[in-house]
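First up is the structure itself, then whatever we jot down about it.
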């Protein structure tokens with residue numbers, strides 16, 4: 001009776017697992033389209049799963065966890081194996097990179113019926129056997145083991161489990177442990193590489209989905225790119241290896257960069273720097289053009305390697321002399337062009353006559369060809385003066401027609417009202433479209449500030465070019481070259497002295513020489529008649545330059561005569 005109930009319960013679990021698988025695949029496909037975290041590392045991944053009786057009612061959660069995590073490792077160079085343990089260990093799927101076989105292995109894993117004791121060391125033995133045989137075949141691929149259990153191990157079982165885990169590590173494997181619910185964290189920390197390699201799940205099997213991202217991040221060791229990817233043949237260089245998980249090794253000092261040259265020779269180099277996302281490694285010298293080096297990384301001092309699809313190729317490189325010669329020729333051509341442009345400015349001097357200023361065009365001209373002037377209009381202005389001596393009074397009225405240019409020279413009366421002529425401004429009319437609508441202003445573009453600055457720079461360069469081009473002699477101009485000669489002055493400079501006492505020979509002053517006096521004649525006798533007055537000499541002294549001090553200037557006009 002108990003056997004029949006157990007079979008019925010197993011069939012029910014199978015149907016429930018099948019329905020769950022359909023839902024999981026549908027949901028997983030949608031999540032993969034959205035894009036999520038994935039691992040591109042090329043290594044061997046072993047799942048060691050506890051199928052003892054304590055997980056009988058939680059096997060679906062374990063399967064769901066493994067199925068989701070397996071789909072995160074998408075490298076074509078990654079191989080996977082499924083191992084279960086209870087009283088003994090069983091390999092459900094041997095190591096393979098075939099995705100179809102991995103899908104079939106997941107189906108076999110779903111059909112597992114838990115039961116028995118927790119002999120974890122049996123699962124590690126099955127993994128170590130595969131690692132050993134793979135290494136003997138020469139693959140030497142890095143291995144990652146993820147072991148899951150839910151209970152505490154007995155003292156003797158813990159001893160065997162730790163021993164087998166150390167054996168797997170000696171073969172080059174990295175061991176991670178997942179503990180669910182009633183596990184002993186101290187035991188798992190000794191079985192795994194370190195305490196950081198343990199993922200506790202204290203909230204039960206339902207919380208396994210929450211650690212998938214953490215396991216993927218810590219267990220994934222991948223090589224994504226190499227810089228540079230193309231090198232010069234026969235030259236030494238350094239390569240930067242980009243990737244993830246390079247510090248997940250137990251000992252960072254055991255990390256190596258490996259170069260597999262033409263799939264035949266493997267050369268290992270110690271990196272200069274080891275970070276979680278990159279390695280700085282010296283690369284070997286590849287002497288021939290066309291050689292290829294596949295990039296690998298070892299986390300255990302060359303015991304096993306993490307492969308990748310990153311390849312470094314060699315090419316022929318020149319020594320740079322051709323480029324240097326080309327740059328030198330371009331520089332010489334540029335120097336000759338500048339010399340041809342600026343040599344006339346430095347040597348030839350052209351003197352040109354200044355052109356007369358252009359005559360300003362006036363809108364209105366009078367009869368003489370002179371532009372008419374607008375004079376102010378003045379009312380009630382009286383000015384005196386007409387006729388000889390200004391005797392007759394003259395009345396001048398500036399009316400609406402304005403005055404003449406001569407009238408502007410007269411003095412303005414006190415009661416005059418001046419009206420200045422108004423200046424008329426013509427504003428440009430806005431341009432209208434055919435439908436009598438004004439053209440809308442164009443919207444401001446995002447590149448308008450940049451375009452404005454470039455236009456201003458272009459205007460500045462254009463002005464400088466125009467200034468230089470105007471100074472250059474035109475064809476047909478003649479001139480002469482400037483010769484600069486330094487003349488040495490032997491006489492030292494003297495300070496000018498303005499004091500007359502210090503001058504040795506003052507300039508001669510003009511001396512006025514009066515004319516000779518007239519000859520003295522004796523007085524005539526009293527009875528003699530009076531002789532005529534002699535005429536003045538023909539030569540007279542020059543008149544004085546300034547007028548006499550007591551003489552007043554003549555009036556500007558004669559005073560008015562009184563009316564009779």
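Glycine too: its Cβ is placed from the backbone N, Cα and C atoms.
Positions annotated as divalent metal cation binding site by Swiss-Prot: 52, 54, 118. Secondary structure at residue 54 (divalent metal cation binding site), taken from DSSP and collapsed to helix, strand or coil, is helix.
Look at Swiss-Prot and you will find 44-215 tagged as domain 'VWFA'.
According to DSSP, residue 166 (N-linked glycosylation site) is assigned to a helical segment. Take the CB of residue 166 (N-linked glycosylation site) and look out to 10 A: across all protein chains shown you find 15 other CB atoms. According to Swiss-Prot, the feature N-linked glycosylation site maps to 166 (among others), an assignment based on experimental evidence.
In the three-state DSSP reading, residue 184 (N-linked glycosylation site) counts as coil. What Swiss-Prot records for 184 (among others) is N-linked glycosylation site.
Annotated N-linked glycosylation site per Swiss-Prot: 262 (among others), in sequence order, evidence recorded as sequence analysis. When secondary structure is read from DSSP and collapsed to three states, residue 262 (N-linked glycosylation site) falls in the coil class.
For the region 'Interaction with PA' (154-160), residue counts in helix, strand and coil come to 6 helix, 0 strand, 1 coil, using DSSP. Marked as region 'Interaction with PA' by Swiss-Prot: 154-160.
For 356-375 (among others), the entry in Swiss-Prot reads region 'Disordered'.
Marked as region 'Disordered' by Swiss-Prot: 402-444 (among others).
Feature annotation from Swiss-Prot assigns region 'Disordered' to 493-564 (among others).
Summarising the annotation, Swiss-Prot assigns topological domain 'Extracellular' to 33-321 and lists sequence analysis as the type of evidence.
Summarising the annotation, Swiss-Prot assigns topological domain 'Cytoplasmic' to 343-564 and lists sequence analysis as the type of evidence.
Considering other CB atoms within 10 Å as the measure, the emptiest surroundings among the recorded positions 118, 184 are those of 184. For residue 118 (divalent metal cation binding site), the nearest neighbour among the listed glycosylation sites (166, 184, 262), judged by C-alpha distance, is 184. Sequence-distant neighbours of residue 54 (divalent metal cation binding site) (same chain, six or more apart, CB under 8 Å from its CB) are 114, 118, 150, 151, listed in sequence order. The number of other CB atoms found within 10 A of the CB of residue 262 (N-linked glycosylation site), across every protein chain shown, is 12. Apart from 52, 54, 118, the divalent metal cation site neighbourhood in this chain, defined by C-beta within 8 angstroms of the site C-beta centre, holds 50, 51, 53, 55, 86, 114, 116, 117, 149, 150, 151.
Taking the Cβ of residue 52 (divalent metal cation binding site) as reference, residues of its chain lying under 8 Å away and at least six apart in sequence are, in sequence order, 85, 86, 114, 115, 116, 117, 118, 150, 151.
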